[in-house]
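Student: Let me give you the structure first, and then I'll get to my questions.
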Amino acid sequence: MILDGNDVSKRIKDKLALQVAALEQKGVRPCLATILVGDDPASATYVRMKGNACKRLGIESKKIELPKETTTKELLAVIRELNNDSSVHGILLQHPVPSQIDERAAFDEIAIEKDVDGVTTLGFAQNAFGFAHYPSCTPAAILAILDHYQLPIEGKHAVVVGRSPILGKPVSQMLLNRNATVTICHSRTENVSDFVEKADIVVAAVGKPNFIQGEWIKSGAVVLDAGYNKGNIGDCEYDGCAQRASAITPVPGGVGPVTISMLLKHTVEAAERSV
Ligand code: NAP
């Protein structure tokens with residue numbers, strides 16, 4: 001079975017359109033503020049894509065573009081202003097920021113009720129405890145895909161390859177909170193394939209094209225490939241993995257589109273909570 005992220009994303013957005021219309025009746029228009037620091041073309045593209053997705057759904061997108069020389073102090077002041085602006089419901093600071101900026105300090109300046117991208121330390125901790133309103137969007141997307149296709153999580157052995165704070169770690173916590181038995185692999189793990197071979201659920205979050213090989217996949221396993229590498233290539237060697245998996249996300253058209261929908265969903269929910 002191919003886990004169709006475009007279809008899952010469309011269903012989420014159809015539901016969100018109704019929620020946006022209901023908010024409009026109350027005179028509230030959800031608004032996501034995006035902050036882009038510097039002129040990295042890939043980051044600019046991501047911000048533009050997120051802004052367009054907002055617009056299509058009737059969510060306002062407030063774009064803040066700051067020069068690449070911006071200091072931590074200046075960025076924190078901009079974030080504080082957005083925290084205090086009641087017309088803004090969600091704040092997204094595009095990662096990565098230029099190296100002179102203390103990125104952790106900047107993320108942590110975002111008010112928790114506007115942290116729709118799940119980047120603050122508090123949001124991360126709430127997610128670990130299992131009561132975050134807005135977990136990181138890609139982990140939330142992975143869980144949404146599993147749930148949409150009613151793929152069981154409880155009691156399953158999930159192997160997550162990657163432990164970044166926005167992806168590998170939070171998705172591991174979410175799977176653990178749903179009663180999976182979770183193994184996390186990273187760059188210092190010896191013989192990653194030994195772990196992947198035992199997995200009922202494989203989450204690829206490595207950032208290396210075709211890293212996970214078809215022969216590592218246990219027959220019937222579920223494979224979620226969050227990887228997005230140059231040339232639209234995932235972290236899993238798709239053809240080989242698809243042959244052995246019972247279900248797999250393609251790249252593109254798998255985790256990616258659902259991630260954007262999660263950002264929209266969190267923004268709409270933040271607007272609902274503000275009323
Ligand atoms: P990241 O911050 O670079 O983290 C990569 C993780 O992979 C690290 O934990 C690293 O281990 C681990 N790793 C690297 N080499 C490894 C190896 N040989 N064996 C085992 N583990 C290894 O990347 P990220 O931000 O989590 O992103 C991962 C992938 O997901 C990328 O392809 C990215 O483009 C994609 N992504 C997609 C979306 C989406 O919306 N679909 C969103 C975000 C990211 P260490 O911790 O030991 O360094």
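Each position is counted from 1, following the chain as shown.
Even glycines carry a Cβ here, placed using N, Cα and C.
Residues or ranges marked as NADP(+) binding site in TrEMBL: GLY162, ARG163, SER164. Feature annotation from TrEMBL assigns domain 'Tetrahydrofolate dehydrogenase/cyclohydrolase catalytic' to 3-117. The feature domain 'Tetrahydrofolate dehydrogenase/cyclohydrolase NAD(P)-binding' is assigned by TrEMBL to 136-274.
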Student: For SER164 (NADP(+) binding site), what is the tally of other C-beta atoms lying within 10 angstroms of its C-beta?
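Tutor: There are 15 of them.
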Student: Counting each residue once, how many in the domain 'Tetrahydrofolate dehydrogenase/cyclohydrolase catalytic' (3-117) are helix, strand and coil under DSSP?
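Tutor: Helix (H, G, I), strand (E, B), coil: 59 helix, 18 strand, 38 coil.
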Student: Other than GLY162, ARG163, SER164, which residues of the same chain sit close to NADP(+)? List them in sequence order, counting a residue when its Cβ is within 8 Å of the Cβ centroid of the site.
Tutor: VAL160, VAL161, PRO165, LEU167, GLY168, LYS169, ILE184, HIS186, ALA205, VAL206
Student: Which has the fewest other CB atoms in a 10 Å radius around its CB: GLY162, ARG163, the listed binding-site residues?
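Tutor: Comparing Cβ neighbours within 10 Å for the binding-site residues GLY162, ARG163, ARG163 has the fewest.
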Student: Counting by DSSP, what is the helix, strand and coil composition of the domain 'Tetrahydrofolate dehydrogenase/cyclohydrolase NAD(P)-binding' (136-274)?
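Tutor: In the domain 'Tetrahydrofolate dehydrogenase/cyclohydrolase NAD(P)-binding' (136-274), the DSSP-based counts are 57 helix, 24 strand, 58 coil.
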